[in-house]
Amino acid sequence: MHLPVWSHIWLLSQIEWQRLFVTRRGWLTLAAFCLLWFLLLRYVVMPLSQWMLDPAIIEGAEMMAGWVDLRQLLLWPRPELSLFWLLALLLTPAAAVLFSAGQICRDRSRGTLRFYSLRVDRDSILLGRLLGQLLVQGTLLQLALLACLLLALWQGAPLSGDLLSAMVFCWLFVMLTLLPFTVLMSLMSVWLNSSRAAVSMAILLLTLLPLLLGVLVYYWPQALPAFAWLPGAQIPVLVNSSPWQPWAELGLPVGQALLLLTLSLVSFRRRSL
Amino acid sequence: MTAVIACTGLSKSFGDKTVLKELDFQIEAGAPVALVGANGAGKTTLLSLLCGYLTPDQGHIQVLGRMPGSQGLNGRLGALPQDAQFDPDFSLARQLQWLARLQGMTASKANTEAERVLALVDLTAEAGLKVAQLSHGMRKRLAIAQALLGEPELVVLDEPTAGLDPLHAKSLRDCIQQQSTHCTFVISSHNLFELEQLCGTVLMLEQGKIRQQATQASETGVLRLQLCQENSQQLLPLLQQLPGFVKLQLVNKLQLELQYDAVRAADFDVQLLQLLHQQSMDYRQLSRGQSLEQQLFQSGG
């Protein structure tokens, strides 16, 4: 009996997801993630959200507008959630680069993929691993959001539809922001032989490419729109958005992810195992 | 007979080094087939091409009528890749169950199948252990177990007994012999004694080409006798008197190779044993046919 492709992808993604909860490495990741978000919620979000609840701050928000537009953040149903949104957009892409670097290369260098490739085509292996990473990221983000919700309730917020809707928005748009970074790491993981090399190459790409583009734009200003194709290019716009507002920014990460995914699939089909 | 493997014009190079040069061969379904050759002769490269781990530079490969790496081979082709390791963080049973699920088995069938193949390689007691806790030999047996999941039609084993203790190496040979009634094995190994016991056909890779295809069944009329004491000089005139005797060759002080006319003296081995008994000469071993080593390395000499 042969399984359909989607079943293979789903089964492989479940293996990745189980890694988070069954293995020691997964438990360490989970513990580090929980500790980090505890510190952020306790020592950043909690004091700043109390400060943002002050009516005087709301009145002076227009004067304080800078790179982060405080007026937009105050449009969120609760300041805890707006601060979470800000922190998640700025910090989680780096976490996605670090945690999803071993999608393919670890098992390829160990030879484990040879066992899988006798049973599953290479596209399914890559897509399964990627989906697994996204499921892990989605689960962790959900846990952090729940902690943020608990903090908001503890600080006196009523449990409203607006608050839950803003949470869903936050989860969805942060996940979409992480998508091109995760697919980029899938590509790096196909090209390179270790997680460390994949992370190093991603850091080089994500720092050198904007620099090179900057030089290019200096001499040839028409190249300016090319900045929009860098992963995370939409983050400055998203940071200053209120819930369910930035639909126009959805296309860019999805387009970037599709392009990188195509490159990953083509590269992986040609790669020796 | 059906060809389980058919290669035409198969070539593979790594940089400037050509490993396989326009190989043409086919392997029929049936008795195990041995693949031998010196280090770097291209055995692992050939097996990797058959499994779809590598793509050929030129030529065509058909495995069970399909392209290597094709989904049509899922569950039909099993392989023990050289040096491939399981994930050290998960248990043996769990990983075998995943592979069985990917072959299309239900969860309960995958569980039963994992237990079956673990029993075949004597790892039932270790099923719940993590792979990191296993010795090198146990990991090898686990990798062999995954190759047997779902009773595939063709199993490719790259040095299956390297690193195994003698007991488990024998147990694996027995297992291959049992399974070979419904499955064709292709075995790469440096252990000629082992291949001699298991395989009907031997492919020898040398300088990127299949130099020789020896079939043990064709070697009749040759007996190898290993004596317990050095008394071949005393034995020689007596042997020459046996009906059907053709030639005697001293392989070493204790080992003789006798050629005889198999048509005239089909019972030459019986006569030889009677002679040894009459002369009260002890012997260690008597075997029919040339050794694989002799077939492969002395045929040109």
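Just so it is clear, glycine is given a Cβ too, placed from its N, Cα and C backbone atoms.
Look at TrEMBL and you will find A:27-45, A:83-105, A:126-154, A:166-192, A:199-220, A:250-268 tagged as transmembrane segment.
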Sequence-remote partners of the transmembrane segment (A:83-105) [C-beta within less than 8 Å, at least six residues beyond its ends]: 29, 33, 40-41, 44-45, 48-49, 52, 68, 73, 76, 113, 125-126, 129-130, 133, 136-137, 141, 144-145, 148, 170, 174, 177-178, 181-182, 184-186, 188-190, 192-199, 202-203, 206, 231-232, 235, 238-239, 268
Among A:27-45, A:126-154, A:199-220, A:250-268, stretch most in contact with the transmembrane segment (A:166-192) (C-beta, under 8 angstroms): A:250-268
Per Cβ pairs under 8 Å, the stretch of A:27-45, A:199-220, A:250-268 packing most closely against the transmembrane segment (A:126-154): A:27-45
Residue numbers, six or more beyond the limits of the transmembrane segment (A:199-220), whose CB comes under 8 Å of its CB atoms: 97-98, 101, 184-185, 188, 191-192, 226-227, 230-232
